[in-house]
Structures are given as C-alpha cells and as structure tokens.
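Peer 1: Right, I'll just put the structure down here and ask away after.
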Amino acid sequence: MPPPTELQYHRASREPALRRSGYKAWKPALEIVLVLVLFVVLQAVFVIGFLLVGVGNGLDRDWFSDTIVSDQSDTSPLSMLFYYGALAFSGLGAFIAAWAAGRKPGALFSVAGRVRWRVMAISLCWIGLPAVGCFALDALVNRGVPAPLDRTFWLSSLIWATLIPLQCTAEELIFRGCLPQALGAWIRSPWVVFAISLPLFVAGHAYGLAGLASVAVFAALASLLVHRTGGLEAAIALHCTNNMAISYSGFSGIDSLPEDNNRILITAAAVLLQYAGAAVLLFVLRGYAPAQPSHPPGWFPGTGWFRGWPRVVLRFPPTAVAHRRRQLQSSGPGVR
C-alpha cells in the first residue's frame, strides 16, 4: 500500500505538484467550458469524418440513417464503430482542457499524476473477472453463443475489445475526472462536486426512467470509487466491465433469445457480480483512501483541550533581566 496522503482527488487542481503553471481562480472555469464544448465538438468532427469516408466509399445516406442513427444496438459492427468511436474520440477534450487550464493532464488519472497500474489490475480482478467468468461458463455449458460465428461476430468482437475500453475511459476522464477536479478547485466537499457532475453524465443517456435510475446508481458508485481510491482506475474498470457485458450480450445473440429462456439472466448475473466486486474493492483498496487531516488543538473546555499545543518557553532579553536585577538591588531588603 502507498503512504497515506491527505490530497483528495477532486482537489488536485490546487496541488502545485500536479500543475504546469500557477493556480488562478478563473482557470477552473476555463477548464469546465472547454471540456463541455470539446465533448460536443470532437464528436461532431468524428461524425463528419465518418460520413465523408462513408459517402466516399459509396455509403447510401438512407441506409446510413436506418442502420446507424435509428438502430443504436450492438448487433451491427458499423453502428458500434460509429457510437463508441465518437465517444472515445471526445476523451481528448479532457486532456486539452486540463492542459489549457495549466494542469498536468496525468493528474486526471490519479493523485499520483499517472495511471496506477497496480490499482487497475486489482480492480479488474475484483470487478471484471467475475463477469468474464459468467459469460465463459454460459458459453461452456451451452456449447457456444447464440449468434453465428461469422464475419459480423468477429468484427463486433474486435470493436468491442478495442473501442469500448477507450469509450469508457473517455467518459470517466470527462465526468469523473475533469469536471470534478475543476469544480473541486472551488468546492471542498467531494459529495457536492460529484453530485453536480452526476446529472450531466446521466443526461447523456437516452433511456427510460428505470434506465436513467440505473445509470445514476452506477455513476454514484463510480464516484465513490474515485474518491476512496484517489483515481479513476477502479471506476474505469467498473465502466468497462458494465458496458462490455451489455454489448457482448447484444452481438453474441443472448439479448435476442426468447424471454422464457433462462440464459438471458446471465447478463443480470454479470452486472450484479460487478457491483459486488466494486463493493469489496472499497475495502481492498482502503489503503489508497485519502488520509484524514490532523485535527487542530482543542479549546477549553472541550475534550483534549490540553493536547496539541506546542510547548512555550518564556525568554526575557538579557537587558531586561539586568535592569530588573538592578531595580531589586537598589530597593534594598523587602518583600519581593
């Protein structure tokens, strides 16, 4: 375990060692505006580039609208490339915004100013491995996946393994990294900071009421992991496991099974296990939690009022001592 630190993740903007230049009160505002604007602009740039490449290769606009825009499922490799690619590309905005605000972009990952690979490995073991075990057991028992192992499946698997981790990392960098750290420059309470960024993350998901509630629960747990571990690694592991489990259920054909088929419950089991692993992780990584700052000396008549204050030794200047001695000698015998 690392030595305890009093630096809280959301207060990293005020840490001189994690800055490129001095802190100014207006710099967090610049960072917030930049990251939100770039989140939209970079996705728009990706979409325009995607369309230009597609049209240049004979892509029909109506087919594009029906296949990608209208159908946001993970059954089409092109749809996965479009949505996950756009979100992954937007993650660059977090680094640009932090750099423009005079911060070291590595501070977005953790209070150490970098990715702590040991924390990432431990997080993947507790959160990711149980979910992987669920789907591996399902494939073993049922002798494969429902979907045919054709070109579509393998293309989807390739995008699943490469873009989804980048997409999850990008969202964590923006909504649990850049925004909380910028707000934390002004606000001391981590709960207020993460409570402000949470609805922004939830608003980016086009789900029903129940779906939005589940996203809010996920975001709250991810925020707690960030605060208690001092970095994004555990939250990234949770986000990747969650999105990859749901996406795999889509392109592997599990989600397309009839409702009376018990096999569709494997996804729910994987999600529940990832949450259980995240809860255990809070205990396993407790050594990375920010240390409580030392309490100031107590005041009378409170508990421990006599502790904590430095010992004071009174010292008189030599001239004052000599002057007092002469006064006593000249006054003669008497009460002193």
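Using the three backbone atoms N, Cα and C, a Cβ is placed for every residue, glycine included.
Pulled from TrEMBL, these are the listed features:
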TRANSMEM  29-53  transmembrane segment
TRANSMEM  81-101  transmembrane segment
TRANSMEM  121-141  transmembrane segment
TRANSMEM  153-170  transmembrane segment
DOMAIN    157-244  domain 'CAAX prenyl protease 2/Lysostaphin resistance protein A-like'
TRANSMEM  191-222  transmembrane segment
TRANSMEM  264-285  transmembrane segment
Peer 1: Mean pLDDT for the domain 'CAAX prenyl protease 2/Lysostaphin resistance protein A-like' (157-244), rounded to an integer?
Peer 2: 95
Peer 1: Would you kindly list the residues that approach the transmembrane segment (29-53) from elsewhere in its chain, counting only those six or more residues past its ends and only Cβ-Cβ distances under 8 Å?
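Peer 2: Residues 13, 59, 64, 82, 85-87, 89-90, 92-94, 96-98, 100-101, 103, 174, 178-179, 182-183.
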Peer 1: Using Cβ atoms only, state whether the transmembrane segment (153-170) and the transmembrane segment (81-101) have three or more pairs under 8 Å that are 6 or more apart in sequence.
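Peer 2: Contact between the transmembrane segment (153-170) and the transmembrane segment (81-101): present.
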Peer 1: At a C-beta cut-off of under 8 Å, are there same-chain residues at least 6 beyond the transmembrane segment (121-141) that contact it? List them, or none.
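Peer 2: Result: 233-234, 236-238, 240-241, 244-245, 248, 252, 254, 263, 266, 269-271, 273-274, 276-278, 280-281, 284-285.
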Peer 1: Excluding the flanking five residues on each side, which residues at least 6 beyond the ends of the transmembrane segment (81-101) place their CB within less than 8 Å of a CB in that stretch?
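Peer 2: Contacts with the transmembrane segment (81-101): 13, 20, 27-28, 30-32, 34-35, 37-39, 41-43, 45-47, 50, 68, 72, 107-108, 159, 163-164, 166-167, 169-171, 173-174, 177-178, 181-182.
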Peer 1: Tally of helix, strand and coil residues over the domain 'CAAX prenyl protease 2/Lysostaphin resistance protein A-like' (157-244) according to DSSP?
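Peer 2: The counts are 75 helix, 1 strand, 12 coil.
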